[in-house]
Amino acid sequence: MVQTSICGDPDILGDFIAPAGVPINGSFFTFTGMREWVGQTGSPSYFQYLRASKDEFPALDGLSVSTILLGFRPGDVSPPHVHPRASELLLVVQGNLLVGFVDTNNKLYTSRLQTGDMFVFPKGLIHFQLNEDTENPAFSISSLGSASPGLILVPNNLFNTSATIDDRVMALSFKTNVSTIHLLEKALSTPYN
């Protein structure tokens, strides 16, 4: 017997979800957490992102939308990752990015984007962004089709989880040896910055 599951934001019964005891006025629907980045022209000090999902901006709960601002130093990468509950529409607002995703047939789709270009990453597929420029930063804005898109950083989830996957399983899976797995675990024990 085959069973299919579909996951996404639930349909809400009203115009929006209002938490109990929170005053509902224009301020409830306003998020100011992106101000520090808007108009930034210098290079970020490390790969950084600012997120506005329902956790940071409760008015998004049930509305099937969120956003992320991404800042890339020269040569920075947003490592392979997955948003299990959302497709992502990325707009480059400064610089150039190499972007891509791998579909379920193991086919890679890539594109080199310039300022003003957009690219869509389908929901649940592994994808990445890379600033290939070694001298200039890049900035992008991503819109996601969920108020809670989720984030699975593939390298971290495989090599730096709280309960590490057995080294033998990793070595066999990656067709290498345990000492190489230890090197990867050590390298990934520090954040991407």
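Indices start at 1 and increase along the chain as displayed.
Cβ atoms here come from the backbone N, Cα and C positions, even for glycine.
Taken from TrEMBL, the feature domain 'Cupin type-1' covers 29-182. Feature annotation from TrEMBL assigns Mn(2+) binding site to H81, H83, E88, H127. If you look up TrEMBL, you'll see H83, E88 marked as oxalate binding site.
Listed in sequence order, F121, K123, G124, L144, S146, P149, G150, L151, I152 are the same-chain residues at least 6 apart in sequence whose CB falls under 8 Å from the CB of H83 (Mn(2+) binding site). If you draw a 10 Å sphere around the CB of H81 (Mn(2+) binding site), it holds 19 other CB atoms from the protein chains shown.
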